[in-house]
């Protein structure tokens, strides 16, 4: 199975990616340059990522007391990725980028996520550098961001702490000015940081000569106290090794120490660390405290961070999607080749028992109805999720290059869709991986087949970069309310547009009607949830709300894809068209009806869970 | 958290287990003897199983070229289990058993499954010996079954082959008479077997001095051909080491060779093997071919095997249930102690943003609505599943000790409920384990906490002992049809009885109504599925049918439990009563409404999956 036809359809036939070059920024690009990028990434993923996906699972990172050891394959994959130029693909020509649309970059990166999701952690590095390009000083861009884009250094995001995972307002890492002249450091106002950071991906390794940590910390007030809440959070660059203004290592370690590696269920190719900042293990200039350079204004750390949240969440959603896709392809291949059992036949006499002709040869399992159901569910989940991620990526491009109104609409739509782009694939492409195991039967439960690893790897995605619960609270507690509900209205407008087009196609008209009803019900459930004005009532069932919202969004995207597929191929002459229509039918018959159960508790602000006394659990 | 109060409620308050001693077989028993058994098993599980659950996960069985090596803890756990007498607990006094009701045995075994599901595989040994007690000769019982019950030997079930997993009719292991006097062996008609058996749990180890394989094989006809289908299957005892009529090892190996160990996603405490029978590695009497002794009549192998299927499937369901319960308790403990975040408060002015008081201390996560939802879902899934398994176990006892009508009804009800007892916990207690991970956040994804292992271990249960798809085909293709639907009618009668009792309780009356509607819809969906008389139409959506059927059964059991809880404690003075009512409310509000989506495709015999051309996937 090749991902390419699916990507090509979504990019070119559905999202009109070729027209991206109508904006000035992408004027030099064309389908040829986009295809060349896809070709390169597909090849690197095939050669340097896929063959080593099991290697990085079994050869987990370990610390030898001095260094974190990773398999050679991880070094090779990193080198190949850097050499491809993908790390800075979206950046300006003048700093060595390709000015590639994010849509195409996201599509290209999907090859890597499918081949080995954890062997690379380049998204963190480019996300880190992107943030510096927006909020950093010229010197910070020059010294830190550029060396990350070139692949010479790597980057991290240090947000969580052992006592503050999802609750960033409780960050307690302290940053105090480093000397009287702390404002005068050419790399930025210089602080000393002390604190512990947990769950830091790629927090230590030898893939690059240096690591640029971006760290959330609080600057104490005049009484030495940390400001409660997120308002007090500032953002700092904390390099693992000290550097000068030329971007050369000074030879001195910064006071950042690896306190431990987390041993995970999956996603083992990427180190995940507990880092101690400023414990005095590596004093700088004879003094304990990790040296950090302030980025942006004090107290605006989360604001700077949010700038990159959307892309990071689309990245997580894409990773979840591609793990699902990898499992789908593996189980489809298996189902096409594995003989097992026979089909049931209609008995000749009424009331006779079900018969099978046991002398006939066994059939391949793709001929069994239930195996087909499991395969089509995977296709509907994973190709639908990919459509969602690419749609969101396209909005990122519009936000950057559209006219004022288009850009603003894209921004607001992205606000509403991002929790879905993060949560929906994390939940349903994980389910797809479980179905991929099931299609394999006992073999799927062994480590001789890849599907069990996909399932383990994918389980992370509902947790990191904002848990499912956090995404749901963000969606129902913030996103659908912001700007007086204009984001939800924008989305409803686009859904209604698709409904209008689908209603004219006889094969799709029943789906159009079902989607209209679902959209209405989402609207009324949103109102009912907030009808008491008490967030405790509204958010009591935020996750079921998000599940229903996500299924409605996916139904919309599938319907939109189906309309487009039939526009291109009204005769359904191509197998790919039959596949899109089949997946759309599946989604509308088997999936969309699930929203009733989810919305019922939202609409009634069901208090069953919140009201139960603690000792009754 | 202790399982005991939950077990006590279900056994004594709900299932009236104390009254089991009204039957002659259990006349010597009382609540005291039952409690003593539960106490012993709880203690052994706590001391010899639970502390080593991670050990058996990390020290996977390996083959040193001669022997399969297991951790010492596995040997110790085996010894403690054998010494408890639980292996033969249900057997007659005269062969050293306790004549314990199966209901109590199943309850007692749940402690082991919760503490370490894979460290023991005693269910296989006792299942094997039980089968011989029913179908074996006196000599076979004496030599093989008794030595299994005593724990001196272990047992296996060798059904699957590499080319025949779910499809037993394709078994190709051959059994040919061993010499002219093959009928005269005191251990049973002697055959020589050749073939390969796959997925054999506990197929090789050194826990016991011998292993008694029960093997499905086919006896060729006069032309040397194997009869197609399941009719040709016979059943053989094939010991790993040859024995005499006194049950002593003769010193000779039988021709059964370990061809490989399967390396699994979980359930790693139990070896899982590929065994070669009769390849000539260990010739017996100078001749290749594994020596096997026929059990029962030739060609009746599957018939003999089915005798133990119900109990094996209840065993798998119980294992899935208890893995779910272990995760529930772990995540409940965690949620009660982990501080993180703050509760949302109602804003003072209408339209103001959601506020939290970030200066206040963090709350424990059990105070968050979504964590409570995830905990209550786990409770509803796992305690509900336990009720289901114990209910089925109680039917096994009634089948054995009730009057003719009771016994026959119990038999038929068990036929209908067994696919649910196997499939429902496999699916929903796995989901419970995923929620347990989610409650733990990032910590749940690490191997420092037990929940990721429960999730991995539990993934096996939808696969072994008949996959989900096989259970669904059995339910809709056989069980609800057999005896002209009398099994389904029996079940409907019991459900209707509960509805009648619940309708009189104001707090439960809405649930009674909802359950009545669900029952009706199951009935009409069953008819609609079969309305064309073509099994291909009916079974196209057998799994969604089973999911809806299972949810309806669980709703019924929860309602029945709730009625009983309120009978005992009408004032809801006890926390346990509030817990049962809360879980029942949860199930009826959040879960039962899901059946609509599942049944819709059943009722329409939806052909989306079966009709899609293969090249469109």
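Yeah, the Cβs are placed from backbone N, Cα and C, and that goes for glycine too.
Worth saying up front: this structure is predicted, and the values here are computed from it rather than measured.
Annotation comment: TrEMBL describes B:34-144 as domain 'Acyl-CoA dehydrogenase/oxidase N-terminal'. Within the domain 'Acyl-CoA dehydrogenase/oxidase N-terminal' (B:34-144), the DSSP-based counts of helix, strand and coil residues read 79 helix, 4 strand, 28 coil.
Per TrEMBL, the feature domain 'Acyl-CoA dehydrogenase/oxidase C-terminal' maps to B:355-474.
Residues or ranges marked as domain 'Acetyl-CoA dehydrogenase-like C-terminal' by TrEMBL: B:492-613.
For the region 'Disordered' (B:168-187), DSSP puts the residue distribution at 6 helix, 4 strand, 10 coil. Annotated region 'Disordered' per TrEMBL: B:168-187, in sequence order.
Remote same-chain residues near the region 'Disordered' (B:168-187) are listed as 139-140, 143, 159-161, 193-197, 215-220, 226, 228-230, 233-234, 236-237, 243, 245, 277, 289, 291-294, 302 (criterion: CB distance under 8 Å, separation of at least six residues from the stretch ends). For the domain 'Acyl-CoA dehydrogenase/oxidase C-terminal' (B:355-474), the mean pLDDT of the prediction comes to 96.
As a summary of secondary structure, the domain 'Acetyl-CoA dehydrogenase-like C-terminal' (B:492-613) carries 100 helix, 0 strand, 22 coil according to DSSP.
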